[in-house]
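J.: Encoded as structure tokens, here's the structure I'll be asking about.
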Amino acid sequence: MAREFSLAKTRNIGIMAHVDAGKTTTTERILYYTGKIHKIGETHEGASQMDWMEQEQERGITITSAATTAQWDGHRVNIIDTPGHVDFTIEVQRSLRVLDGAVTVLDSQSGVEPQTETVWRQATEYGVPRIVFANKMDKIGADFLYSVQTLHDRLQANAHPIQLPIGAEDDFRGIIDLIKMKAEIYTNDLGTDILEEDIPEEYLEQAQEYREKLIEAVAETDEDLMMKYLEGEEITNDELIAGIRKATINVEFFPVLCGSAFKNKGVQLMLDAVIAYLPSPLDIPAIKGVNPDTDAEEERPASDEEPFAALAFKIMTDPFVGRLTFFRVYSGVLNSGSYVMNTSKGKRERIGRILQMHANSRQEIETVYAGDIAAAVGLKDTTTGDSLTDEKAKVILESIEVPEPVIQLMVEPKSKADQDKMGVALQKLAEEDPTFRVETNVETGETVIAGMGELHLDVLVDRMKREFKVEANVGAPQVSYRETFRASTQARGFFKRQSGGKGQFGDVWIEFTPNEEGKGFEFENAIVGGVVPREFIPAVEKGLIESMANGVLAGYPMVDVKAKLYDGSYHDVDSSETAFKIAASLALKEAAKSAQPAILEPMMLVTITAPEDNLGDVMGHVTARRGRVDGMEAHGNSQIVRAYVPLAEMFGYATVLRSATQGRGTFMMVFDHYEDVPKSVQEEIIKKNKGE
């Protein structure tokens, strides 16, 4: 089958926002107007088309990014709906990795919210062009220009309106297009009858002022336009549109639109803006990768003529077809039934069927082309972030960074039958979600699961019960602490056992130094002259990794340590891998005596919104929880307090805040960084873990 839409007429976009900004409703409306659904599902009724897991429909939030294909104005638009809840950061990251552009949805009453900042920062890291849709203009307290101001103040974004609202709250009835200088008036609530009129007189002056600001802002990003602007020449609408497109694709400018997805206003104009201003796969730089055979950097331009290269960005278990691997094709063509090389794992994989997804219904297709997003059935070894390429033209594309989990729970199966099922269920869930870890406590034999937050683990335990029919008891949430060294030291690990027959002998000298935050464990072999034979070096590294998994103070994994093996000795007969592994772990224990070991705890960036009268309470809450205030701002009659607070102190805070503010206070928290715990807290943690 020939290609249906050219690359220039393809858009791969994500819809990203803070939880509750109306993102899923916006996506629903897009699907409605592009003819994919005939009846609109309301999120708060639990009937939304994109939220197809039972947990999502119950909680009214989007957890997994469903990928959908739609058509608008002769273009194919592939949409990935991303979750706005902080616990599902990895879902946002993996979708940003494969998108070419995004629509950031704001709640017009609140403007930029904490999770908007998180996803905006991630999108900036990945260089994703964005347009902004200020949604919920029909809501009480909606304020479009306030929302635009928060983009400047909180995100330092060069964002400017290309539309203005006519009316607000109940009176929101239309939109002014600042490029055409026309008013679009909605005459019914389905958003299908739109009248294009002249701008009402009372809005004309404001519209002219904002059009002038828009032209100036766009001209600043383009020399030719700047010259025309300074010389007082008129900039045509076509030049303005081209200027906005270029600056948006270069991530130098962010057009802001307005509307109400719930009331069906402004969604079609937003779709027009997706086509007009967001890039096609041809507008963005070719993806880079490394040839696994030569280690040389290679590019894969977006073209059907290039060798096939794709990135797997999501694994899902589907009740009907089993394991689905979602992938983005960067170059080349792929037919169902063919073989590809998973260069990340070095394994050959067969693509069974290829499906194009529409929320939770699907259509089987024979071929995918450069720029497409689809799902494959039949891949056995592929996980999130793996590269799939032509067997004759191998390349490893940049993978997806996975954040470390910060919270853990103990899970215990209720019966022997549940025990076996639980193992399988947890393994499948971990395959789908790289931020979900499953570990068995060596000493107690308990199963511990770790993730990004309470909601994250709640949803996974719930899925284990519903999808895999596993009954389990769940312990209280615990913080995932880490351990590290704060000083450099040298230590010897010497292991010798002679007791009849073959003995054991391993002897190493290792220098330990603190590593940069987030760099993890790094091992360096600095052995000269073979004092430790080459075949035993991997055993030394393995011995360190295994013993670091259980720490030196309280049994928590060690991070951010460099280890340099620089001396040692061996025995011709008695030395073995096991002996050197044990010697390495003894060196680590010895180093702990002088390397100032420390326990690290996750620090959360907490944003608390509360009535002004309760500001004193909130400041007291932060201080009492070992937190430090980072900033405050007033919004209406509320105060917004930003603070860094240890996760360990935040359990149960929702109840405290609710009772202090009579239910009017809310808070959001997102993991920010790890920090040393105070000495007194460290001693308590060590005591507790030793069962004293």
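In case you wondered, yes, glycine gets a Cβ from its N, Cα and C as well.
Straight from Swiss-Prot, here's the annotation block:
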| type | residues | note |
| --- | --- | --- |
| DOMAIN | 8-282 | domain 'tr-type G' |
| BINDING | 17-24, 81-85, 135-138 | GTP binding site |
J.: Restricting to the domain 'tr-type G' (8-282), report the mean pLDDT as a whole number.
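T.: Mean pLDDT, the domain 'tr-type G' (8-282): 83.
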J.: Around Thr82 (GTP binding site), how many other CB atoms lie within 10 A of its CB?
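T.: That number is 27.
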J.: Determine the Cβ neighbour count for Met137 (GTP binding site): the number of other Cβ atoms within 10 Å of its Cβ.
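T.: Step by step: centre on the Cβ of Met137 (GTP binding site), count other Cβ atoms within 10 Å, giving 29.
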